[in-house]
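Contents: one structure, followed by commentary.
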């Protein structure tokens, strides 16, 4: 009788361990939508002309760990406005994919570019506040931005 129970329980235990092993790494993984928000959203502030803005933000948002991210853009608009871009003008992404969308109106952004000669761990960025249309890649359910593709001057 005890042998019968162990024959049933052993495969069940193996299945439970496999499921836990598969699910556990994804529990701590940041979703693409959350990563987009961490790397690109700064709704609570206006574009800064402070030369230290990008240096501070890139470090604060964990984009200088292990290497210096060469280019990044922060968007200074409400998250809902950026999410709504996913339902605006459809455009082709830089990589050829077809899930990119361009904002109907210009948005306040700050471009951060690694300065020439800057090397990890001393990442130094040039800060450029701008007003431009943004292009984002969207996916998921709900359909939300997961990648900042570009910013453009005009709407054409």
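Just so it is clear, glycine is given a Cβ too, placed from its N, Cα and C backbone atoms.
Of the candidate ranges 9-30, 31-52, Swiss-Prot annotates residues 31-52 with the feature region 'Disordered'.
When the neighbouring Cβ atoms lying within 10 Å are counted for each of the disulfide-bonded residues (54, 68, 93), the highest count belongs to 54.
With a cut-off of 8 Å between CB atoms and residues at least 6 apart in sequence, the same chain places 38 near residue 62 (N-linked glycosylation site), listed in sequence order. Geometry remark: residue 112 (disulfide bond) versus residue 123 (disulfide bond), CA distance 11 Å.
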